[in-house]
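The block underneath contains the structure these notes are about, expressed in structure tokens.
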Amino acid sequence: MEERRCSFCNTRITPGTGKLYAKKDGTVYYFCSSKCEKNMRLGRVSRKIKWARKGA
């Protein structure tokens, strides 16, 4: 299986978990949790969030 990483916090996503979000333009985002998905949609930058930097 291919190893996937969260598009927001960069943590490893175990197979069978997480969420895949595909935009109409073909961009694909992988999220480990709804927390990461919501922060990405709000336009937050993971560099500025302490808990998200720990996964990088």
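Cβ atoms here come from the backbone N, Cα and C positions, even for glycine.
Copied over from Swiss-Prot:
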BINDING   Cys6, Cys9, Cys32, Cys36  Zn(2+) binding site
ZN_FING   6-36  zinc finger
Restricted to the zinc finger (6-36), the mean pLDDT of the model is 95
Rank the binding-site residues Cys6, Cys9, Cys32, Cys36 by the number of other Cβ atoms within 10 Å of each Cβ and report the first-ranked residue.
Cys36
How many of the residues that make up the zinc finger (6-36) does DSSP mark as helix, as strand and as coil?
3 helix, 10 strand, 18 coil
